[in-house]
Amino acid sequence: MSEPLVIGFETSCDETGVGVVRGHTLLADALATSVGEHERFGGVVPEIASRAHLEAMVPTVHRALADAGVSATDVDAVAVTAGPGLTGALLVGLAAAKAYALALDVPLYGVNHLAAHVAVDELQHGPLAEPSLALLVSGGHSSLLLVPDLAREVTSLGRTIDDAAGEAFDKVARVLGMPFPGGPPIDRAARDGDASAIDFPRGLTGPRDAAYDFSFSGLKTAVARWVEARQRAGEPVPVADVAASFQEAVADVLTAKAVRACRDHGVDHLVLGGGVAANSRLRALAEERCAAAGIVLRVPSPRLCTDNGAMVAALGSRLVAAGVAPSAPDLGADSSLPIDVVTR
Amino acid sequence: MLVLALDTATPTLVAGVARRTGGDAEVLAERAVPSGNRHAELLVPAVREALAAAGVALADVGAVVAGLGPGPFTGLRVGVVTAAALADARGIPAVGVCSLDAVGSGARTVVTDARRREVYWAAYDATGARVEGPGVVRPEEARLTGPLVGDPRFADRLGAPVEPAGVTTAGLLRAAAALLDDPSAAGPLVPLYLRRPDAVPPTSFKPVTTS
Ligand SMILES: [Zn+2]
């Protein structure tokens, strides 16, 4: 008997993702994005994202099933992001997933978006070591998670107390006159810059600060002040150095805290996830520090680090395999779903 | 043919099952659930109940009718995407109608809650055909001709009585009659938003240090 075929729906932000997996095998990862429609607003506009999700939903399902070479009637279970995320956006995917589950007469699993970011790595690197630590960084989240059992128990060690890391990238990019989202252009510009040129602050790294929490608001403001001071003085802004120094500050804090959390908890596997995990400096520094600390680092390909449907299908597949009970028919979305709720 | 009708354009979601013979529709079961902001939670259970009460299975349904609003966006989308997904999964047509067409009958002006102290409205002639709207307006500025039907909470601000009425399965079937006769004429299910998204492009880079 072959492993169950699971379809996953992800609509927590601006990506409409529909993925198909069988066991740990990725069969399809169809994605529609409304990112271009948000560009001139400098951030994701929830109503625009929600409208785009509705438009893209059924066509994206068709693409996913076609790419996977399966038909809807082959599906054994449906998984969907139930939170955290933008309520209006979440509800489009949730309602669609509930309808497909009803029409196909298969169980429905409402899952946690953050846990799905961890689960996606199983599609590339096989079963997760448990416990693992996970560092998830994107425009919407910056979290350090302890994962004793991905299907049942995920706990939060720390998270950002203000901006998400990805938001800091977006805002710094804006200060430097770069497009939204800010991650890729900053990464590119930083390649020609000196990461030690400017000593930007490392938030929450004092001896009395929370060991695993993050803060990027002060860093963002420091960069803006530095750039504006240059502009006021009529001096040119060394964009590459600013980008490299900012990126270094983010990567330094994230990796230092993740490695420290691994050591403190006796965990020797670290998984990276989220859109910011595509940042080349973060990946390089994480590799360097994990190697030095004897930690096995697992990083999904950039395509799977960003939000997608495959990650939701991957977690759904894991839940089916673990025999976790499906969600009730009155499943709803929770924009601030706590991380210890893997499925609801 | 059996038809499943769904609407989430108002605070009361509707899920109904009807049998359509020739041009006539007989409603077999209907669930009208006061659902506030909980359309996503309550719609699928209501569909299950309506099917069970009608004694039919989803596999027996030959078409889906969806109310396209106008209505508060988040709830409205729940019904529209549910209809689209159900129809897609079953390989049956889904047709959309203006939700206001399914409220009341005959000569009337329908008013429903548009939030932000406004109402959605549409006017119908004696044959029940929509002659104006749908639109969105502040009740105080509305020039609506009676009789008014729909959400009675706006009577004071409209300066006229509003006979309470909601979306019904029979109304949805009636509004969808022509499309159900020829589903190939139906376009994709696109909500009647009537308003643009609230979104303002940033005017300067200053907010970074001032916010
Ligand atoms: Zn994410």
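Just so you know, glycine gets a Cβ as well, placed from its N, Cα and C.
Fe cation binding, as stated in TrEMBL, involves A:HIS113, A:HIS117; the candidate among A:ASP307, A:ASP330, A:ASP340 given for that site is A:ASP307. Site annotation (TrEMBL): substrate is bound by A:LEU136, A:VAL137, A:SER138, A:GLY139, A:GLY140, A:GLY183, A:ASP187, A:ASN279, and the candidate from A:ASP121, A:ASP170, A:ASP199, A:ASP264 recorded at this site is A:ASP170.
Filtering A:LEU136, A:SER138, A:GLY183, A:ASN279, A:ASP307 by Cβ distance to ligand 1 (under 6 A) retains the following binding-site residues: A:SER138, A:ASP307. Put simply, A:HIS113 (Fe cation binding site) is 11 Å from A:GLY140 (substrate binding site) when counted between their Cα atoms. Looking just at the domain 'Gcp-like' (A:26-313), the mean pLDDT is 96. The shortest Cα-Cα distance between A:ASP307 (Fe cation binding site) and any of the binding-site residues A:LEU136, A:SER138, A:GLY183, A:ASN279 is the one to A:SER138. The C-beta environment of A:SER138 (substrate binding site), restricted to residues of the same chain at least 6 apart in sequence and closer than 8 Å, consists of A:ALA164, A:ALA165, A:GLY166, A:GLY274, A:GLY275, A:VAL276, A:ALA277, A:THR306, A:ASP307. Of all residue pairs in A:LEU136, A:VAL137, A:SER138, A:GLY139, A:GLY140, A:ASP170, A:GLY183, A:ASP187, A:ASN279, the annotated binders of substrate, the farthest apart have Cα atoms separated by 19 Å. Report note: the Fe cation site is defined by A:HIS113, A:HIS117, A:ASP307, and the residues of the same chain whose CB lies within 8 Å of the CB centroid of those residues, excluding them, are A:GLU10, A:SER12, A:THR81, A:LEU114, A:ALA116, A:LEU136, A:SER138, A:HIS141, A:GLY273, A:GLY274, A:ASN308, A:MET311, A:VAL312. Most buried of the binding-site residues A:HIS113, A:HIS117, judged by other Cβ atoms within 10 Å, is A:HIS117.
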